[in-house]
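Database features, via TrEMBL:
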type	residues	note
SIGNAL	1-27	signal peptide
DOMAIN	63-129	domain 'SH3b'
DOMAIN	140-203	domain 'SH3b'
REGION	220-275	region 'Disordered'
COMPBIAS	236-275	compositional bias 'Low complexity'
DOMAIN	274-393	domain 'NlpC/P60'
Amino acid sequence: MIKIRKIVTYCMIGTIAFASRATISKAAEMPIAGIDVLLSDFYQNSDKDSKDIKNYLSSDLFKEYADISFAQVTDYVNIRKKPSEDSKIIGKLYDNSAATIITKKGDWYKVKSGTVTGYIKSDFLVTGKEAAEVADSVGTRVATVNTTTLKVRKETNTDAPVITLLPVGEELKVKKEMDGWIKVSLGSQGTGYVSADYVDLSTEFKEAISIEEEKAKLEAEEAARKAAEQSQSTDSSSSNNSSNNSSNNAARYSVKSSNSSQKKNSSSSSSNSSSTRDKIVNYALKFQGNPYVYGGTSLTNGTDCSGFTQSVFSDNGIYIPRDSRSQAASGRSISVSDIRPGDLIFYSRNGSINHVALYIGNGQVISASSPETGIVVRSYNYRQPVKAVSYIN
């Protein structure tokens, strides 16, 4: 499944209301804000039980934002470097995925979607009212936590039991929007309700994938498969591993306390570093698909993003702080362009670090992302990285 990415800008609840054409013009100044502004306005202000969004988007308001298109194909359409069927293929836009139209050249549209900018023949895209109809059926409504800690409740009242807590920046799939409350998906924990005052709403669509990203995705999936096979093999010889772990722990201690051990290790530090990185990555991949739990540190029963990285490193003899900001501050800072498998990448919201992921190579990271996704592998730039650190020599 292609990652879901935003091609539109967030709109805070109640911030923009379409009372006049002047308001529309102001909204149009925001980068690619149009369709999301419209969707936010519609969902927030409609009092209909059954929301007829197609009629809403086919109005004059929608005409202000006619630059969003959707692929309508059996599987995917190729994105080419130039407007020619003989041109190099640089990416793929899958069925129902969205792209922003930059220009039109003959029978070709120049589009931008995800990290890919290139050309698609107009026969494979729908625009205008047709695009609005597709948006109505394929868009994913998302609520992003905008307060320090948000309580997710069992029912729509402030006295209802709390199911879980979520940190600022957490993204949740919206199941239903009600008066003052949002019903959200919690993945394996079912559903819950959050106050509409403490989330920002947006609409997301699938985007294109570059040829390089597709290759990296396939390689990451293969690595995960091999890690799972290795895990099964490890489980079948657990008694041997128990004695090996004791030896490994002793060896780790001797590295810290013995000068002779340090000298011996330094002669093969590069090899040891690569081995450590491989072990950490393969170990982390064993837990792909396991649940996300805010405040948790269990790799099997539930963990949050920093609990995941701390536990993965701890189980491999490396001890790092508990929260993402401390992990970012304590590690050895490196350039994002110099990251290697086993390094940590950090993301921020409103200028403050709020998420950490483990780089596994080939442009991919693994992290405990949200209750909806659990522990998941995705492209390292699904959000804009703000810092990278290494805890491995």
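The backbone N, Cα and C atoms fix where each Cβ goes, and this holds for glycine too.
Per-class residue totals from DSSP over the domain 'NlpC/P60' (274-393), listed helix then strand then coil: 32 helix, 43 strand, 45 coil.
Across the domain 'NlpC/P60' (274-393), mean pLDDT in this model comes to 92.
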